[in-house]
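Pulled from Swiss-Prot, these are the features on record:
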- HIS63: active site (ACT_SITE)
- ASP105: active site (ACT_SITE)
- TYR43, GLY45, GLY47, ASP64: Ca(2+) binding site (BINDING)
- CYS42-CYS131: disulfide bond (DISULFID)
- CYS44-CYS60: disulfide bond (DISULFID)
- CYS59-CYS111: disulfide bond (DISULFID)
- CYS65-CYS138: disulfide bond (DISULFID)
- CYS66-CYS104: disulfide bond (DISULFID)
- CYS73-CYS97: disulfide bond (DISULFID)
- CYS91-CYS102: disulfide bond (DISULFID)
- 1-16: signal peptide (SIGNAL)
Amino acid sequence: MRTLWIMAVLLVGVEGNLLQFNKMIKIMTKKNGFPFYTSYGCYCGWGGRGKPKDATDRCCFVHDCCYEKLTDCSPKSDIYSYSWKTGVIICGEGTECEKQICECDRAAAVCFGQNLRTYKKKYMFYPDFLCTDPTEKC
């Protein structure tokens, strides 16, 4: 019973925006964000440092930079509206923050889709301690 309670708390703790971002990734790549993009390279997932390992990791670096510019927003928790039709994601109405967060997520999902051919399994679950190059600036 305790395990079920812990799982429920963890599910509630998953930010709405991250679930939306996962759906966008699925639309553009046909892959789930979890696990394919949650700990890929040096920038996909929480935090980031060093130099992006490849084009997919660069998508995550740019996404992190996009979020960084949203100083008065909560990009990991604000819920936004969007729709899609034949592989095109369209950000909907909402607050300025919601629209900007949606655009950051949309751009990253599109970037992932454009770089599917160069995705390397060796960078899945890449250990942070191997990200030793100087960190790039946004």
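Cβ coordinates are placed from backbone N, Cα and C, and glycine is handled just like the others.
The shortest Cα-Cα distance from CYS111 (disulfide bond) to any of the recorded positions (TYR43, GLY45, ASP105) is found for ASP105. Within 10 Å of GLY47 (Ca(2+) binding site), counting C-alpha to C-alpha distances, fall none of the recorded positions CYS59, CYS65, CYS91, CYS102, ASP105, CYS131. Taking CA atoms as the reference points, ASP64 (Ca(2+) binding site) and CYS138 (disulfide bond) are 9 Å apart. Neighbouring residues of the recorded Ca(2+) site, listed in sequence order and excluding TYR43, GLY45, GLY47, ASP64, comprise CYS42, CYS44, TRP46, GLY48, CYS60, PHE61 (Cβ within 8 Å of the Cβ centroid). Taking CYS42 (disulfide bond) as the reference point, none of the disulfide-bonded residues CYS66, CYS73, CYS91, CYS104 has a C-alpha atom within 10 Å of its C-alpha. Taking the C-alpha atom of CYS138 (disulfide bond) as reference, the shortest distance to any of the disulfide-bonded residues CYS44, CYS73, CYS91 belongs to CYS44. CYS59 (disulfide bond) is 8 Å away from CYS44 (disulfide bond) when you measure Cα to Cα.
Here the disulfide-bonded residues are CYS60, CYS65, CYS104, CYS131, and the one whose Cβ sees the fewest other Cβ atoms within 10 Å is CYS65. Taking the Cα atom of each, CYS131 (disulfide bond) and CYS73 (disulfide bond) are about 28 angstrom apart. CYS66 (disulfide bond) is 11 Å away from CYS73 (disulfide bond) when you measure Cα to Cα. Cα distances from TYR43 (Ca(2+) binding site) to the disulfide-bonded residues CYS97, CYS102, CYS104 are smallest for CYS104.
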